[in-house]
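Colleague: Shown below is the structure under consideration.
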Amino acid sequence: MEEDLFQLRQLPVVKFCRTGESARSEDDTASGEHEVQIEGVRVGLEAVELDDGAAVPKEFANPTDDTFMVEDAVEAIGFGKFQWKLSVLTGLAWMADAMEMMILSILAPQLHCEWRLPSWQVALLTSVVFVGMMSSSTLWGNISDQYGRKTGLKISVLWTLYYGILSAFAPVYSWILVLRGLVGFGIGGVPQSVTLYAEFLPMKARAKCILLIEVFWAIGTVFEVVLAVFVMPSLGWRWLLILSAVPLLLFAVLCFWLPESARYDVLSGNQEKAIATLKRIATENGAPMPLGKLIISRQEDRGKMRDLFTPHFRWTTLLLWFIWFSNAFSYYGLVLLTTELFQAGDVCGISSRKKAVEAKCSLACEYLSEEDYMDLLWTTLSEFPGVLVTLWIIDRLGRKKTMALCFVIFSFCSLLLFICVGRNVLTLLLFIARAFISGGFQAAYVYTPEVYPTATRALGLGTCSGMARVGALITPFIAQVMLESSVYLTLAVYSGCCLLAALASCFLPIETKGRGLQESSHREWGQEMVGRGMHGADVTRSNSGSQE
């Protein structure tokens, strides 16, 4: 039988058994010549020693040795003091993101009246923030994959802090339009906090812990409304913008403690730094560090857009893009619709609601009243039960079904707004709808980092976040401009979009429930070799048969 010769450089030489397991004998080590036995195929290998202290690639690691991967270390160390600190720190960035988003629904009617802006300019003020977010999301994902999760997150937060405070001093509409767009550019990188956070979490706690960060989003939205209740009547919107940057300032002060992702360090070839980070976590948690050598997955390129469209991930990427688009489109649309519908007053019947909304959306504007703020606060509080419901069902139903359920319930509540309802029922329906659309967002933030491997995790999340910003960019023209023409059509657009998103969730090819974070998009090298060896053996047999 023909023998194939393989030259392996800087890799330990092992004997691959037929089952894919490896074994190393003293005779092999002494002779320096080794064999790979795969379905009767004998392949000669040349032994090459590793440098002292070098990390052993996973595909060539001897399972009888004491070796571990980052995933093994994170699982062994578990959830403890370190993760609680990390939760609070990354949660501050998440809280700030929520406040910057929530402020749009408060700032828009205020400037509409104060600067006598037409409806399209009010909508543009909201959209420009999402233009900035959309244009930067992929950029921040690339930065995080190339230079580190910590680096990308720090730069984006400091950028947002600077332009957020500067926008409070905008003298005219054009200035605040540009400055809020730059704020949006910085906010596009804040979702990378989820990537960093997820890579330090053990598998069993990952979904619950990522949802824990979502609690900070809920806190941020509620805090923004409460802040507006006290600040707007006395100090005005400029002080509201300044005070809304406080969580970003706290993050900037405390970020020196934030570690770089150990998974990223391993992928970058910084094994010593990764081990130091893991030892730090083990010390803080009071847990033992795994013994042995750190092993790494197959080295591959990082942060390449084409990796999101390989046959394995193509449909996942496209479906996730639509899911994120629909989620942001509906979530931010509901946030903007809430203030518009509350300003319309206590209405009964679609036709009367339409007239009321048209009156309130005209240039004869009206500032948000105390009652409007209180109702806005009630609907904002729905973020908390949304987190709790998602937390309860996501590990029972799985990620895909959770997203689908949230989209369906939001769509149903949107359709109920077609019938005659009073202000109290309107508030209740908006409360339920917001709880579940925020739950869908939370489930997407759990699913997306889990489905992509380490090499493209930040880029995958960044592109999904970018598609979400496209939806958020469009939604002001539906919730604030189209609403003037047709309440029916506006509600139908949001309801239909979420029904399609529910279907997209069901068609996702991968369910990540109970699955560890993937280090590589490739199969293990040994498995690939077994596949090739078996294929080669089959070919040899078939050729022999044909010759006979």
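One-based numbering along the chain as shown.
Just so you know, glycine gets a Cβ as well, placed from its N, Cα and C.
Feature table excerpt (Swiss-Prot):
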type     : residues : note
TOPO_DOM : 1-87     : topological domain 'Cytoplasmic'
MOD_RES  : Ser25    : phosphoserine
MOD_RES  : Ser31    : phosphoserine
TRANSMEM : 88-108   : transmembrane segment
TOPO_DOM : 109-122  : topological domain 'Vesicular'
TRANSMEM : 123-143  : transmembrane segment
TOPO_DOM : 144-156  : topological domain 'Cytoplasmic'
TRANSMEM : 157-177  : transmembrane segment
TRANSMEM : 181-201  : transmembrane segment
TOPO_DOM : 202-209  : topological domain 'Cytoplasmic'
TRANSMEM : 210-230  : transmembrane segment
TOPO_DOM : 231-238  : topological domain 'Vesicular'
TRANSMEM : 239-259  : transmembrane segment
TOPO_DOM : 260-316  : topological domain 'Cytoplasmic'
TRANSMEM : 317-337  : transmembrane segment
TOPO_DOM : 338-373  : topological domain 'Vesicular'
TRANSMEM : 374-394  : transmembrane segment
TOPO_DOM : 395-401  : topological domain 'Cytoplasmic'
TRANSMEM : 402-422  : transmembrane segment
TRANSMEM : 425-445  : transmembrane segment
TOPO_DOM : 446-457  : topological domain 'Cytoplasmic'
TRANSMEM : 458-478  : transmembrane segment
TOPO_DOM : 479-489  : topological domain 'Vesicular'
TRANSMEM : 490-510  : transmembrane segment
TOPO_DOM : 511-548  : topological domain 'Cytoplasmic'
MOD_RES  : Ser542   : phosphoserine
Colleague: Could you check if the transmembrane segment (157-177) is in contact with the transmembrane segment (210-230), meaning 3+ Cβ pairs under 8 Å among residue pairs at least 6 apart in sequence?
Modeller: no
Colleague: Among the recorded stretches 123-143, 181-201, 239-259, 317-337, 458-478, which has the greatest number of Cβ pairs closer than 8 Å to the transmembrane segment (88-108)?
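Modeller: Highest pair count goes to 239-259.
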Colleague: State, in range form, which of 123-143, 181-201, 239-259, 425-445, 458-478 has the highest count of Cβ pairs under 8 Å to the transmembrane segment (374-394).
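Modeller: Against the transmembrane segment (374-394), the leading stretch is 425-445.
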Colleague: Of the stretches 123-143, 181-201, 317-337, which racks up the most C-beta pairs under 8 Å with the transmembrane segment (458-478)?
Modeller: 123-143
Colleague: Are there residues at least six beyond either end of the topological domain 'Cytoplasmic' (395-401) with Cβ under 8 Å to its Cβ atoms? List them, or say none.
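Modeller: 207-208, 443, 446-447, 450, 505-506, 508, 511-513.
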Colleague: Please indicate, using numbers and ranges, the residues of the same chain that are 6 or more beyond the transmembrane segment (317-337) and have a C-beta under 8 Å from a C-beta there.
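Modeller: Beyond its ends, the transmembrane segment (317-337) has Cβ neighbours at 101-102, 104-105, 108, 126, 130, 308-309, 403, 407, 410, 430, 433-434, 437-438, 440-441, 444, 447-448, 451, 460, 463-465, 467-472, 474-476, 478-480, 483, 490, 494, 497-498, 500-501, 504-505, 507-508.
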Colleague: How many helix, strand and coil residues does the topological domain 'Vesicular' (109-122) contain under DSSP?
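Modeller: Tallying H, G and I as helix, E and B as strand, the rest coil: 10 helix, 0 strand, 4 coil.
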